[in-house]
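What TrEMBL says about this one:
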DOMAIN    66-212  domain 'Calmodulin binding protein-like N-terminal'
DOMAIN    225-288  domain 'Calmodulin binding protein central'
DOMAIN    293-352  domain 'Calmodulin binding protein C-terminal'
Amino acid sequence: MLKFVKVCERRCSAYWKRSMANYQGCISVSPSHFTWHKLCYLRLFMCIPFHRSPSDALESRGTTRLQLRFQNKLLPTCFTNTTIQSVDNTAITLVLFDASYNTIVSYGPLSSTKIVIVPLDDDFSADDHENWSESDFDSKVVYARDGKRPLLTGDLILNLKEGVAELNDVVFTDNSSWRRSRKFRLGAKAQNVTAGVRIREARSEGFVVKDQRGESYKKHYPPSLGDEVWRLEKIAKVGVLHMRLKSHKIYTLNDFLQVYTTNESWLCTLLGGPSNVWKTIVKHAKTCILDDKVYLYRCVADGTGILFNSIFEVVGATFNGLSHLSMNELDEFQKSMVEALKQQVYKDLDGMIPTDLSSVATPVLAANLDSDCLRTASLGMQDANIPFPHQGT
């Protein structure tokens, strides 16, 4: 307790001397009537605020607890004279972050700070937690080559609003091949900040900038079902893998995913077997957003059938031709029967019938379970050799 009192006394004595005369008029007893501990306790509460706002509690010394940050990742490849985009195809968002409170600075004078966007060399610190200096950051700013236009154009001056700003039109005018790292980054720096206040600059991940004439060959993020298959990573246009897929009538991403669903092992072998290339291709393909097409395969006239989405994944089943069950509504027996019938369906994809989504959009419990067809399919599949659905003769 004595140590606590001494700390309080040292911290508050200066303030106490300046303000004691004013406070004596507000208390009805002389300070000498207080015990020493009460006096220090009073001093503590007079001098220390109950709460300091993250945006207003600024220390006189330099600090990097205030940080500009890009909230989303940029595409790994972009093109000259084309607006830079994020991986998730949303607006690139910049925030002022208070690392001490782990929150965005959404109020106070700093929440409306002016920001300038600059191009950076990719040769920057790899550790995002490192507290680089302002001069370190400035040394990585890249300028245009002689005789070239400004390297970065567009809306490069932003004003934070409640600690947030969006980059809507930022364009590189030159490719990144002339840099030793062969990549650029985007940087963001606060302007006109109060003296003594340090706001750490933001920097994005590195990305390649290619000449616009190569844009016709660029990959799509995310890809669409109708995209040609060479839009996938690791598949070059008119390259070996592209030609190999094309020879088996796999032209689009939709074709690719249908084959992946129905005969993954065959497709893997076609593309060279398990490897990092295969994993990268599949990972990119799976980011595709599916459409709402639904196909129905009826087993027999009694109405038993399976519902498939556009890439031939099972999404439901019907056992009476009227009501449709989603997969999570099936019991274990029904699931095993659907799995057996699914394999039978993959032998005869021509039997799939496009179905109106509205007629099957609300699955309900099936009134009756007729599994004769499913049992027959299960028995027939024990030694079945399922052919590749797109394989040529």
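Placement of Cβ uses the backbone N, Cα and C atoms for every residue, glycine included.
DSSP places the residues of the domain 'Calmodulin binding protein central' (225-288) in helix, strand and coil in these numbers: 38 helix, 2 strand, 24 coil.
Across the range of the domain 'Calmodulin binding protein-like N-terminal' (66-212), the DSSP-based residue counts are 10 helix, 59 strand, 78 coil.
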